[in-house]
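Input: a single structure, listed below in structure tokens.
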Amino acid sequence: FAELVLETWDLQCERNGREHRTAEMGCRQLVVRRGQPFTITLRFSGRAYEEGVDKLAFNVETGPCPVETSGTRSHFAVTDFPEESGWSAVIQQQDGDSLSVSLCSPPSARIGRYSLTLEMSTGYQGASCHIGDFVLLFNAWHPEDTVFLRDEDERCEYVLSQQGLIYQGTRDYITSTPWNFGQFEEDILSICLKLLDTNPKFLRDQDQDCSRRNDPVYIGRVVSAMVNCNDEDRGVLAGRWDNHYEDGMSPMAWIGSVDILKRWKKFGCQPVKYGQCWVFAAVACTVMRCLGVPSRVVTNYNSAHDTNGNLVIDRYLSELGVEDRRSRDMIWNFHCWVESWMARPDLADGYDGWQALDPTPQEKSEGVFCCGPAPVRAIREGDLQLKYDIPFVFAEVNADVVYWVVQRDGSQKKSIHSSVVGKNISTKSVGKDSREDITHTYKYPEGSEKEREVFAKAEHETRSLREEDEGLHLKIKLTEGANNGCDFDVLAVINNNADVERVCRLMLCARTAGYNGTVGPQCGMKDLLNVTLAPREDKCVPLRVLYEKYRESLTQDNLIKVVALLTEYQTGDVIVAVRDVYIQNPEIKIRILGEPMQNRKLVAEISLVNPLAEPLSNGLFVVEGAGLTDGQQIKELEEPVEPQAEVKVRLDFVPHQAGLRKLMVDFESDKLTGVKGYRNVIIAPQP
């Protein structure tokens, strides 16, 4: 028999992409999911393949130093039936001189970029031919993959959806901001693989790192560390919280991960400036979804940052309600992290499912700024000794806050009030734009028997719930929404629940604030030395906060922290109430003109009214949407937007993907920043 000669081959990128749900990554490279067969076609010249005469085998290799013992190299023959374990290749059909072969990886294969070589032999003659590269991803559709997720709607949301909503604002005023995850956009997959190859564990021991890439726990830990740059590890984002972002992008300005990841690659893996918690979490979510791990961004309101691990956050206030920074412990208005879905074969049974991963650099774990994966179930059960970093996340949702009022003579008085952390833990619902509250997955109901058991196990003092019916009560209420550019009122509501008269001093103080708990200058104050409450009387004391007072110092987080201190003269007891007021930005209106169809031009009309009493200069709109726009479109305004005036722009784009998409818009200017809007658009497939 003459030697078998391979003439051409076809990796069938498009067909395999459809079957493996990776078609949106483009058809220029083969991207498949582990444990699921993919088909390639071989065409021979001179003569056809003959079974029994010709032997065919494949070689797959990943990483810089592939070896069989590490699972980074595999050699397997073409047979008539698939192998039980390991890689396999099976002849599907023969049609003249062309041969269809189905290849399949084990569901525990290492993920990453592979090279594929065909070896042909007839008798003593042999030849080998490199027939291309392919990328192997985790497979949430395969029951034996450690990231297997049973529900199809959840797989669509947590692996395939390229857009989402991230919750921000305050626990009393939850806002959502749109985000373009864009994990299938051009070049993002290769950037995610580059991120794995830039991580210090890879640079230290390439073989060991590649051999561990079959484990989503390992990958999650690497991604959590690589999204921040605090370890001098060429991480993706630099964090900054001080409101000085002139030498980079303000964290509030981003509307998606694609721009960030592309900048990181373009500038030689230099950290991109700047990120805050939701940006770190969203970029990590993009990388994990891109690699095939089901992931979502979650937001915890009143999130504790407990630096000394005692589950108590001490805050110090002067008698005027001014915060004194003597503790590194902080309460963040909200804090975002990622949850990724995976099995935990490294732990005892019962900890599979959602795992918390926090890429925001806060505390070191095993010497590196990363956090997780921490099984959410272990956080709820108070199993603090399990891997990884459970005490830190447990504190974020369970610590107690104690306010100490520092008197003039330096003595400290403990406030009766204990504000509670870990509220309204939120994520986007599956398949719709509403909020899902997942607090119950992190903690048992407050005051329940189960909560007491968990706290005992975690050596955490149970909160002393004092009798609600006696003594004084203090609450801060907002009369109506607070809009940027306007004055607004807050009310201190005092209840005297006793049968005796009380005489008190009430201090009300408003200050601009950052979402991570830092406060700026005062923008409203009231000090009433003589508030008399008759038995069982309720009183409302208003404080008006003026735009002219807060406008200069309002941070891009749009927050004002109102603190009320009520001191009862007779007992000397002090009650503290705190409320974070979110200053609402104007609405961005988006109209779609024309019939939305794949590969046909569409026009978006975008408008916004300037709510401020001063003109907005250097205004610009940034528009992007996975499958809709080709990257970002920026429209700069030629002239200032006058007070109360409406600005309107038109942008055209050609959607290249069908289905439900989100068009995201961000508005920036000198006086109004990080204004977000989005519009859902259903794109009809090309006829």
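Just so it is clear, glycine is given a Cβ too, placed from its N, Cα and C backbone atoms.
Listed in TrEMBL for this protein:
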type: DOMAIN; residues: 269-361; note: domain 'Transglutaminase-like'
type: ACT_SITE; residues: Cys277; note: active site
type: ACT_SITE; residues: His335; note: active site
type: ACT_SITE; residues: Asp358; note: active site
type: BINDING; residues: Asn398, Asp400, Glu446, Glu451; note: Ca(2+) binding site
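In terms of DSSP secondary structure, the domain 'Transglutaminase-like' (269-361) contains 15 helix, 42 strand, 36 coil. Taking a C-beta cut-off of under 8 angstroms and a sequence separation of 6 or more, His335 (active site) has the following same-chain neighbours: Cys277, Thr299, Asn300, Ser303, His305, Thr360, Glu396. In this structure, the recorded positions under consideration are Asp358, Asp400, and the one with the smallest number of other Cβ atoms within 10 Å of its Cβ is Asp400. Shown are the binding-site residues Glu446, Glu451; of these, the residue with the fewest other Cβ atoms within 10 Å is Glu446. For Glu451 (Ca(2+) binding site) paired with Asp358 (active site), the C-alpha to C-alpha distance reads 24 Å.
Between the C-alpha atoms of Glu446 (Ca(2+) binding site) and Asp358 (active site), the distance comes to 25 Å.
Here the recorded positions are Cys277, Asn398, and the one whose Cβ sees the fewest other Cβ atoms within 10 Å is Asn398.
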